[in-house]
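Record features (Swiss-Prot):
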type	residues	note
BINDING	Gly108, Ile127, Gly128, Asp129, Tyr130, Val131, Leu132	S-adenosyl-L-methionine binding site
Amino acid sequence: MKINVLTLFPDMFTPLQVSMLGRGLEDGKWDLNLVNFRDFTTDVHHHVDDTPYGGGAGMVLQIMPIKKALDSLPSTGKVIITAPQGKTFNEQMAQDWAKEDELTFICGHYEGFDQRVYDLADETVSIGDYVLTGGELPTMSMIDATVRLLPGILGNAASPVEESFSHGLLEYPQYTRPADFEGQKVPEVLTSGNHQKIAEWRHKEALKATYLHRPDMLEDRQLTNEEKKMLEEIKSELD
């Protein structure tokens, strides 16, 4: 996968070049192309923004340098703008994007984009109902969530399949050594060696975590008969 990022602050993307994603870059499993659209200005001072027509506070990013930066790319794939008014990013979107050959992100700053910039994008996406100083951090979050799903990025191929949101539930609790830490013991079922019981425990605990912390995720979920029974047990245990 190739990912292009149009940004005024390419140095902000250094974190994507370390850890598992960094190793993936080195191994050629994905490619990151950072494009500073200030380089596509034509005036002496390299302005990328101007005052808004009709008046108002702040500065608005101009379409010209962004359009020229896009046109400079041999290809773009799906073009994505990060903005507060966009649809909220989620795991399903990450899974869909991970199937693409190429993605291009456009990062905003200041008071946002000239409205005509949005016409250049296929999707406008947000990471939540709050405002940041620019689109770089949301873009990095979305790149991380997407790239980690690519083959060979994570050490354990099963990891992205088993974790939170992959099956529509939050992740079950996990434990490692020691089995007893200051009286806090690992649930016996996890050390029993009974894989069926362990799977049942994990399923129920994932359902419990979702019920307690993200009940909204259960509203649209078609619960199996087994899950309905588990949920009744969970509610009874919590009463």
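Positions of Cβ are set from backbone N, Cα and C atoms, glycine also.
Where Swiss-Prot records a feature, it is marked here on the structure.
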residue	record	Cβ neighbours (10 Å)
Gly108	S-adenosyl-L-methionine binding site	25
Ile127	S-adenosyl-L-methionine binding site	20
Gly128	S-adenosyl-L-methionine binding site	11
Asp129	S-adenosyl-L-methionine binding site	7
Tyr130	S-adenosyl-L-methionine binding site	7
Val131	S-adenosyl-L-methionine binding site	9
Leu132	S-adenosyl-L-methionine binding site	15
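The record assigns Gly108, Ile127, Gly128, Asp129, Tyr130, Val131, Leu132 to the S-adenosyl-L-methionine site; their largest pairwise CA distance measures 16 Å. Leu132 (S-adenosyl-L-methionine binding site) carries neither a helix nor a strand DSSP state and counts as coil.
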